[in-house]
Each structure stands twice: as structure tokens, then as C-alpha cells.
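*Asks:* This is the structure, below, for whatever I ask next.
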Amino acid sequence: LTCPLLSVTLLVSFGSSMLYGYNLAVVNSPATHIKAFYNATWSQRYGHGLPPGPLTLLYSLTVSIFALGGLGGSLLVGTLVARYGRHGTLGRSALLILLAGGLMAFSRQLAAPEMVIIGRAITGLHSGGPWCARCPGICLSVVPLYLGEVAPKNLRGFLGLLPSIFICLGVFCAQVLGLPELLGQDRYWPLFLAVVAIPASLQLLLLHCFPESPRFLLIERNDICGATEALRRFLGTADVQEVLEEMKEEQRSLSSVQTISVWQLLRDRSVRWQSLSVAVVNVGMQLSGIDAIWFYTNTIFQNAGIPESQIPYTTVGTGAIEVVAGLIGCFTIEKLGRRPLIITGFCAMGTCLAGITGCLLLQSALPWMRYVAVACVVGIIAGFCMGPAGVPFLMTAELFTQSHRSAAYVLGGSLNWLCNFTIGFLFPFLQMSTGAFSYLVFCGVCLLVALYVYLIVPETKNKTFIEISRVFA
């Protein structure tokens, strides 16, 4: 592991991946303040406040528009990486965050709720296309794509999961900054939303210090000199001939194959199991209910009977567990492999989701069940961060060769964000209508995805992209 390789991984993880986690959780603690702002603005404009139903709908739109932006970004990512490369797309995407941060920062001063909603949509556009994926429109695709192509195969899993650590770290930062002693007060919530501009600015300033993906330069641009220099920079050695030969072998195997579209990917029977696997793990990642947990953590704890004054600190505690669980996954993936982490993660999530249902049903008779409910939330988040948070995006890079990879990311990212929007928008209404039983839906999804991965998806640890393709052949 060389200094340039570690540095670029930390930079893009901090400047892109962490923002995804931050934006998932940032709307949780200021929910009351944002709703009050919407209500006050509506009253100023129309002479009356919003009824509870429309106010909940407007806030749900603010939460879930992030996912619609991500869906748009995931549809654009194939075009962007083909035109600007992985490195160029990451640099340009940072400009979107600066725009979104400005809109949200000045929304209250201009009495414009629309600026919050548009800012959230733009942050979603950034998140869906440069990490899964955390899956997982620019961040959720290009970061793992870039890191998967610059990393040697013995470090691909470790570096591929580092962005997932930063997603968890982003969630944790949002939870800490959302405390009443920091930015959790009513007057600070626009600044709280706009903090995302700081990591994006750092990435914009420093990313030019690192080269483009050598695999992209050689296979798609046929730039042997550029690819050689990039490999020497990342690997820290002048002897890169073996890696170049492996890349040239992939280039020769693709010499008669053009980069394909999503429609062509879906019709290509030679990769049907890879495509189905990407679809299953990306849909399962979102329908596991993790976004409902992140978006509405405070509401879940309120329903579990946790005292109002303790909720912000309980939430921060869950964020710390996320980071620890992500680190465990990151440092064990090359030893244990991809399959054990994702199967164990989904099984743990399914078990804890069933546990939340039981806790909520029994808490009136057994008051101590509220603490078991908190433990179940921690278990869900820990299970997710150990495997399902990062492995689906890593799998998308590993299951396909260069000609199919961009289309696979568009497919996985689109499904990921469509399900993200569905959960973010519908969960409050699902919870109101079904109560504690709403979590059993997510439980079933988790267990089914774990079963699919166990039966269908092979281990990809320490295999080249060509060897992985042959496993499915």
C-alpha cells in the first residue's frame, strides 16, 4: 500500500463518499426546525399555516428528493465517465456540492423552502453518480469504479470498502453536529445543511495532484504511456509490466467489443447472472430499511419510548457503532472475502428488524424493551456497515469487464436510488398505517437477499476481472 494510493483513496472518500452519509442523516435532527420554517413561510405567503398532512408530505419530499437526484445522477454517470474519465468526473461533481451548499445556506434568509428542496436534489445528483453502494448519482458509482481500477487485486477489497467507512463517518458527523450544543439549534440548521461544501472544496483543490485511472487510460484511451506513469505513481515501483500485461489481456479480449448501453447489458445473455446479481444486491441494499433507519432515527426512538432529551445522544452512539462496524468490515474483507460479509450483514439486519417489531409490540407491558429496541437499531446499522454498505458497489466493479462496467453501474445505481426514494417518501406513511409491523417487510427482504447471495454469487477475492467473468461463463 503506497502513499499516493492511500492518499487518493482518503481524498475521494472524504470529498465524495462521506457526503453521501452526511446527507442521509443531516435531515434527521433538524426535522422540527425545517418543518417550522416551511410552516412559517407558508403562513407569510398565504396567510395560514400548513395542516399536518401536507406538512409531512412536504418534509417527506425534502428527504426523498435526495434520492430522485441520485437517480438522475446514476443515469448520467455512464456518459460522464466516458467523456471526462473517472478522475475528471469526480472533480467536476464537486462543483455541484458547492452550488447545493450555497442554496441551502441562504434558504432561510430568502424565505425560500424551494432552495432547500433544490439543494437536496443537487446533493442527490452528486451522490448517485461519483459511491455502491452504498451503492449507492455520481459519487456512489465513480468512487468505487475509480478505486477498483487503480488498486492492485490484493488491495481491491480493502480500498473498495474504505469509502463505506467514510459513508458511516459522514452519518456520524451529521449526528454529532446535529447535537443541540453544536448546530442542532433552530438558527443554525441552514449552516448545518451547507457544511457539505467543505469536503467538496478540499477534493476540488487536491484531486488534480493524482492521475487518471490507468485501466481507463490504457483500455479506453489506448494511452500506454499515461497508463504506465499512473501505475508507477500509484504502485510506487518502476516495474509495472505484469499489471500492464493483465490490462492488455483485458483490452485484447474487448478489442472487438464496444462499450455497451444498459439496454444491451440487459439483453446480453452472457452476463445475465451478473446483471441479476447487481440488481438484487442494490435493490436489497435499499429495501433492507437502512435508509428508513437513517432518515427517521429520532422518530423511531420516540416511538420506542426513549426520553426526548436522550434521543440526540443515543443517535450519536449509533453513529459511533457504524464507524466501528465499517472498520471491522474494511480490515477483514481480504481475509474473509466478500460473500461472508454481505451474507452475515443481511442476516444480522433481518434478525434485528424482527426484533424491533417485537420490542415495539411489547414495550407497553415491558418498559425495558425500549433499550432492546435501541440495541436492535445498533445491530441493523452495524450489520449494514460491515458488508451491505460497501460490498454491492465493489461487486459491481468486480463482476464485469471494462466494456460492461459503466452500464452495470447505471443499472445498479438507478435501482438503488429508485428504491431509496421509495423508502424515504413512503416510510412515514407505512409506519403510520402498519405501526410496528412495517419493519417485517424489511426483514423479509434482508433474508431473501442473503439467501440469493449464498446460492448464486461466487467469491471474487484475489481474482482478476477476467477470472471472475469465467466463473459465470
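Glycine is treated like the rest: Cβ placed from N, Cα and C.
Automated prediction, rather than curation, is the source of TrEMBL annotations.
In case it helps, TrEMBL gives these features for our protein:
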{"type": "DOMAIN", "residues": "9-461", "note": "domain 'Major facilitator superfamily (MFS) profile'"}
{"type": "TRANSMEM", "residues": "57-82", "note": "transmembrane segment"}
{"type": "TRANSMEM", "residues": "94-111", "note": "transmembrane segment"}
{"type": "TRANSMEM", "residues": "131-147", "note": "transmembrane segment"}
{"type": "TRANSMEM", "residues": "159-177", "note": "transmembrane segment"}
{"type": "TRANSMEM", "residues": "189-210", "note": "transmembrane segment"}
{"type": "TRANSMEM", "residues": "276-296", "note": "transmembrane segment"}
{"type": "TRANSMEM", "residues": "316-334", "note": "transmembrane segment"}
{"type": "TRANSMEM", "residues": "341-365", "note": "transmembrane segment"}
{"type": "TRANSMEM", "residues": "371-395", "note": "transmembrane segment"}
{"type": "TRANSMEM", "residues": "407-430", "note": "transmembrane segment"}
{"type": "TRANSMEM", "residues": "436-457", "note": "transmembrane segment"}
*Asks:* Any residues 6+ beyond the ends of the transmembrane segment (341-365) with a Cβ under 8 Å from its own?
*Replies:* 281, 284, 288-290, 300, 303-305, 329, 332-333, 372-373, 375-377, 379-380, 382-389, 391-392, 435-437, 439-440, 442-444, 446-447, 449-450, 453-454
*Asks:* Given the transmembrane segment (159-177), which of the listed stretches 189-210, 371-395, 407-430, 436-457 has the most Cβ pairs that are under 8 Å apart from it?
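*Replies:* The stretch with the most close Cβ contacts to the transmembrane segment (159-177) is 371-395.
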*Asks:* Are the transmembrane segment (189-210) and the transmembrane segment (94-111) close enough to be called in contact, which here means at least 3 C-beta pairs under 8 A that are separated by 6 or more residues?
*Replies:* yes
*Asks:* What stretch, picked from 57-82, 94-111, 316-334, 436-457, has the most CB pairs under 8 A with the transmembrane segment (407-430)?
*Replies:* 57-82
*Asks:* What mean pLDDT does the predicted model reach across the domain 'Major facilitator superfamily (MFS) profile' (9-461)?
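*Replies:* Its mean pLDDT is 82.
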